[in-house]
Amino acid sequence: MKILIFIIASFMLIGVECKEGYPTNSEGCKITCLFNDPYCKGKCINLSTQADKKWKGVEGYCNRRDIACYCKNLPENAEVWDPNNNKCVG
């Protein structure tokens, strides 16, 4: 019985971590928003254009501190804004 509890507890501790970050526009800048969670959710989850199919995050919201869309649970190959490799010109 103790072994069964140990195995169940071990599975609960093992978490699956997904990629998170700020999606970028064509210029490499964060996608800006202002109190518009549905817009950001659409950018992260329900995008209709073929070019945006890489954004299949489960969650998306407007990060009001940075005034930019933020995505959670993105696939590992999704490109997100990187402060060390900032391509934004504006």
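Yeah, the Cβs are placed from backbone N, Cα and C, and that goes for glycine too.
According to Swiss-Prot, the cysteine that forms a disulfide bond with C69, out of C18, C29, C40, is C40.
Record source Swiss-Prot places C44 in a disulfide bond whose other cysteine, from C18, C71, is C71. C88 (disulfide bond) carries neither a helix nor a strand DSSP state and counts as coil. Within 10 Å of the C-beta of C33 (disulfide bond) there are 21 other C-beta atoms, taking all protein chains into account. For the disulfide-bonded residues C29, C44, C69, C71, the greatest number of Cβ atoms within 10 Å around a candidate Cβ is found at C69. Nearest Cα neighbour of C29 (disulfide bond) among the listed disulfide-bonded residues (C40, C44, C62, C69, C71): C69.
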